[in-house]
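**Q** Please read through the structure below; I'll follow up with questions.
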Amino acid sequence: MPESTLTRPAHPRGATPAEVAAQVPGVTLAGADAGDVRLTGATVRAQDARPGDLFCAVPGTATHGARFAAGAIEAGAVAVLTDPDGAALLAEDGHDVPVLLHDDPRSMLGPVAAVVYGAPSSSMTLVGITGTSGKTTTSYLVEAALAAGGNPTGLIGTVGTRIAGVDVPTTLTTPEGSALQGLFASMVERGVTAAVMEVSSHALAQNRAGGTRFAVGAFTNLSQDHLDYHPTMEDYFAAKSLLFVGPEACESAVICVDDEWGHRMAELRRAAGLPLLTVATTGPADWTAGEVAAYSDGTQRFTLSGPDGQTFSAVVGLPGAYNVANAALALVIAHEAGVPLADAARGIGAVAVPGRVQRIDRGQDFLAVVDYAHKPAALDAVIATLRGQTAGRIAVVVGAGGDRDRGKRPLMGEAAASAAELVIVTDDNPRTEDPAAIRAAVVAGARAVAGGGEVREIGDRRAAIVEAVNWARTGDVVLVAGKGHETGQEINGVKHPFDDRDELAAALEARA
């Protein structure tokens with residue numbers, strides 16, 4: 001897919017290779033004489049290279065990126081960032097260009113690109129949100145709150161990227177460092193004054209956000225996920241903590257302390273002597289959310305109480321206790337970013353987040369919902385929320401992703417069977433794994449629950465959704481979990497068109 005014109009500024013500030021080497025510790029200048037070479041962009045993808053680019057040639061799992069330098073240089077790249085092995089490959093292939101050297105060039109993508117693009121994150125109020133669950137919802141709420149405060153806004157996250165109201169195609173929750181800085185520069189050029197981004201643990205561990213100034217950093221919660229990448233929960237927590245106490249820690253922190261990990265994160269921040277605000281729905285904090293009133297349409301009203309006894313009434317259009325926590329966190333983040341609480345509350349009041357407790361209504365006499373819950377704790381939370389909205393039964397269509405944390409698969413089945421009357425285990429995104437093996441692990445967890453719900457296995461996700469819809473009676477709930485906003489199903493390297501929202505709607509229409 002061609003790179004969008006919005007992913008970079010049209011008129012970049014630029015920098016010379018010598019300026020980059022002087023401003024980024026550990027990066028040295030080698031190769032051909034840089035002369036009057038001026039870098040005006042940076043890319044890690046040779047196919048996206050443009051005239052004036054710095055091509056970032058990083059080692060890959062199978063091939064070193066330097067092997068693709070010819071294509072980048074032919075497209076106009078004027079210098080290369082790489083490691084000593086990459087430099088040797090460049091020389092071997094006869095590429096006589098200026099080279100910026102670092103032993104770990106991937107970790108330098110952000111810092112180097114930040115110099116090339118003129119430190120764009122310093123030209124706006126940037127909010128970074130990390131945690132296991134709630135990042136996307138909180139980001140959407142914060143974006144709306146910032147906009148209500150009069151700011152042209154930007155958003156980068158799981159559902160996508162938006163610059164001043166225009167959607168920009170991206171693939172990762174947190175893009176590679178070179179792409180991220182290009183997006184920031186594009187935002188600044190287009191008048192964005194405040195932006196919010198999800199910061200994944202992978203991105204923090206790989207320094208994708210290196211070179212970025214976060215005016216506010218926020219933490220939602222922590223539960224089991226990504227243990228295919230992080231060997232332990234402690235390692236996972238340590239990666240998240242880099243946003244708050246790392247070498248480029250956020251200037252101000254807002255941390256939800258509803259779980260023990262939040263308390264630990266707050267203690268780390270406090271021990272570092274850095275600015276901190278805590279938020280909670282269950283216990284003491286600088287800001288607390290209480291007096292919650294939940295309504296049948298899924299909206300909730302709550303009271304936010306802050307320092308010095310101040311109180312504020314707010315509404316969030318999303319059900320569940322966890323969304324009160326997300327909304328409270330978003331309000332305090334926006335307030336810390338300079339938005340008056342009244343404006344922030346007005347902004348979040350009508351936000352709907354794609355694929356998050358999203359109701360699909362085709363006139364049926366039961367509730368049908370799509371949710372992105374793909375972690376045990378998130379699945380627990382959304383089922384508990386739906387249980388509070390019905391006196392009927394609950395069916396859950398659920399699976400687990402391939403090439404990801406295997407340990408959570410039985411836990412997904414356990415979470416579903418512990419709380420639902422019917423669990424239909426199906427395929428999620430099997431990727432390169434055997435779908436039947438993934439389902440077997442989820443089924444095993446579900447069937448291990450004593451007194452749990454009925455468990456059925458239907459590999460075809462469309463058929464599984466139809467089965468759940470046809471099972472439902474008046475007053476029941478059908479929850480299709482795991483993929484949320486996603487519009488494809490990845491099988492053996494191919495992304496097939498598939499949207500749970502469309503499939504659930506079609507099943508409801510067929511039943512009617």
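The backbone N, Cα and C atoms fix where each Cβ goes, glycine too.
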**Q** Please find, within the list 104-107, 404-407, 428-431, the residue stretch that TrEMBL describes as motif 'Meso-diaminopimelate recognition motif'.
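**A** Within the set 104-107, 404-407, 428-431, TrEMBL attaches motif 'Meso-diaminopimelate recognition motif' to 428-431.
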**Q** Compute the centroid of the Cβ atoms of G131, T132, S133, G134, K135, T136, T137, then list the same-chain residues not in that set whose Cβ lies within 8 Å of it, in sequence order, for the ATP site.
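**A** Filtered neighbour residues, in order: I129, T138, E198, T220, N221, N326.
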**Q** Across all the protein chains here, work out how many other Cβ atoms are within 10 Å of the Cβ of R404 (meso-2,6-diaminopimelate binding site).
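**A** Result for R404 (meso-2,6-diaminopimelate binding site): 20 neighbouring Cβ atoms inside 10 Å.
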**Q** Quick check: of the recorded positions listed here (K240, R404, P430, G482), which one has the Cα closest to that of T137 (ATP binding site)?
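**A** Sorting the recorded positions by distance from T137 (ATP binding site), the top entry is G482.
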**Q** Taking all residues of the domain 'Mur ligase N-terminal catalytic' (47-110) together, what is their mean pLDDT?
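**A** The answer is 96, the mean pLDDT of the model over that range.
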**Q** Sequence gap of 6 or more, C-beta under 8 Å: which same-chain residues meet both conditions with respect to P430 (meso-2,6-diaminopimelate binding site)?
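**A** Residues satisfying the criterion: G401, G402, I438, E490, I491, N492.
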**Q** Can you list the residues of the same chain, besides R404, D428, N429, P430, R431, G482, E486, whose Cβ falls within 8 Å of the meso-2,6-diaminopimelate site's Cβ centroid?
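**A** Along the chain, the qualifying residues are H374, G399, A400, G401, G402, D427, K483, Q489, E490.
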**Q** Between G134 (ATP binding site) and E486 (meso-2,6-diaminopimelate binding site), what is the CA-CA distance rounded to a whole number of Å?
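**A** That separation, Cα to Cα, works out to 16 Å.
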